[in-house]
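**Q** First the structure, which I've put down as structure tokens, then a few questions once you've had a look.
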């Protein structure tokens, strides 16, 4: 996989941007300071960024901007749910763009990052030069039910049982609600136990083949707390969207944007039905199905297609 991705690079600039009375975001810039700007939208929500996220982009061409969304990664306050909605995050992206004096930029997002990328671009289509979307998640109820209410358990029954067994039988009618209660408990250890179980379930299903690096994230209590609490908060609130099909209903606003959709055929976290529905609603976008991959951007076939996608958009910009 290292041959597919660009080499490791360090940021040339890091900083913190205060976006509300409560929240401050960590951001960083790497690559070419005079290059074409691209903003990376991480998954979760609550997952935060990592240095490997820089490696999907040609550092000689792109000015690469990574930031941790509210409550995630190095952003503060950690795991905070107050004033933490999709619409707050869209405002934050705009505040960061303006802070960095960027007129318009390319948007790259996978999993929840694809959700946020679609929502942001539909809110600000004039600010987006192109998009790369991976592991499509439209935050519809059937997608949440698939992963958290027993659908994916049919593929991973052994992994599902620890997630299930943390919840008493009397509360298993809705696991998202049962976990919400525990993730917001007054008892810190109850929060940690629930966040570990929630995170490990996702980390153990994110790859077609088990990945030790990903699995270890489930052992980091601070990561798990932000990841699980913020994800659950968004899913309890249906992404803060006014309707279940909101993102698909607003595709016409962004059909003019050059976009590549990358989807693993055997993605158990964000099954291909969502990418297919997006493709049917938006046939103008390139649609790449990776036949031997699951959900993670770090699977070789997914990584290869993501790098190809950023290079395709790079060439389109060069030709203009």
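Each Cβ is built from the backbone N, Cα and C atoms, and glycine gets one as well.
Below are the features I grabbed from TrEMBL:
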ACT_SITE  111  active site, nucleophile
ACT_SITE  267  active site
ACT_SITE  295  active site, proton donor
DOMAIN    37-299  domain 'AB hydrolase-1'
**Q** Can you tell me the CA-to-CA distance separating residue 267 (active site) and residue 295 (active site, proton donor), as a whole number of Å?
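**A** Per the Cα atoms, residue 267 (active site) and residue 295 (active site, proton donor) stand 4 Å apart.
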**Q** Ten-angstrom check, please: count other Cβ atoms within 10 Å of the Cβ of residue 267 (active site), all chains counted.
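**A** Its Cβ shell of radius 10 Å holds 29 other Cβ atoms.
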**Q** Between the Cα atoms of residue 295 (active site, proton donor) and residue 111 (active site, nucleophile), what distance do you get, rounded to the nearest Å?
**A** 8
**Q** Grab the pLDDT values for the domain 'AB hydrolase-1' (37-299) and give me their mean, rounded.
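**A** Across the domain 'AB hydrolase-1' (37-299), the average pLDDT comes out at 97.
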**Q** Using a Cβ-Cβ cut-off under 8 angstroms and a sequence gap of six or more, which residues of the chain neighbour the residue listed as 'active site, nucleophile'?
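**A** Same-chain residues close to the residue listed as 'active site, nucleophile' (Cβ under 8 Å, separated by 6 or more) are 43, 44, 47, 134, 135, 137, 269, 270, 295.
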